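Feature annotations, courtesy of TrEMBL:
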- 196: FAD binding site (BINDING)
- 243, 334: D-dopa binding site (BINDING)
- 5-344: domain 'FAD dependent oxidoreductase' (DOMAIN)
Ligand code: FAD
């Protein structure tokens, strides 16, 4: 018996969930979304991400499990499928004790601590010798992680879903229950998976007022400094970040960034852009030729994305709205890629519970 499933949303959360669901031939999947890979829009977080794997989940939390479960899949894709746009990249993480009390310092506390849980997950983890640390840095670590070229990886996920028979359609819904009536077979969907990210705040039937944005501004440049780099904070303000990552397959280097909570501004702030570029060069002089400042950066574009944060954490749970079975998978903040497979495994097992109950009811 076929299972009719609608996945609402085509960001990394919707596409990863659809990809896993599409591996079961009994599932007939329609992916419906306002924005699809190829679009750049302030309502669509996924294309703007770096994106890399820098775990932030606290030890013992569900978040930690999602990130732990995601690494082996990203590693396998990087190993076996170069066409997916994920490559291995050396990474340096630098911690300044003075950031410990700041809000961003707290958000990244797991990442920057000297003995993190993920040391046995990523490859080649080691501490940076103290005589190699820049002034002001208290500890540092080095490991091999991955960097994802989102402009290649999101379409690759679409391709995997299409190969497995999923159907993609553009659509905009005011109410989540309406998505159940848009399955490509014309029949009503047995379950709708809600992967609408920040829009779950305004989508009828969900209206989750715990959702809020953390604005991330970036500069994409053609310069390639080598390894990825990130610090626990900056001296330019608690809501500003410093990270550098070069995407796979000619995707350019992302210079970041910011973590501006409740800021919805879609337009890049050029003063912030100057601060981002300046501090990246300070920490990583190799970004430009010797003696150069920001004039040595070859800019592709400035960008802004909104991380879909949720008070209380990511929502992965079953729900029933207007008689329609729903599985929510949204609110992935700044970790939607690095937790993508872990979160989607959880969402898929909830979908399977709903489908099993449906089969039992029909017996
Ligand atoms: P989105 O990508 O926002 O997708 C939502 C989808 O739902 C879209 O297709 C949209 O059109 C659709 N939709 C919404 N409402 C409706 C509606 N009513 N009707 C129809 N369709 C609808 N994460 C990492 O893991 N590593 C990183 O290095 C990283 N860096 C980041 C850097 C920046 C600057 C930013 C902004 C984010 C970063 N993230 C990173 C976080 C990551 O990008 C997000 O967590 C992730 O993209 C969220 O994906 P999503 O699929 O849940 O939401």
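Each residue, glycine too, has its Cβ placed from N, Cα and C.
Mapped onto three states, the DSSP output places residue 243 (D-dopa binding site) in strand. In the predicted model, the domain 'FAD dependent oxidoreductase' (5-344) has a mean pLDDT of 97. Recorded residues residue 243 (D-dopa binding site) and the residue listed as 'FAD binding site' have their alpha carbons 27 Å apart, per Cα-Cα distance. Long-range neighbours of residue 334 (D-dopa binding site) (same chain, six or more residues apart, CB within less than 8 Å of its CB): 56, 107, 214, 216, 259, 307, 309.
Of all the binding-site residues listed (196, 243), 243 has the fewest other CB atoms within 10 A of its CB.
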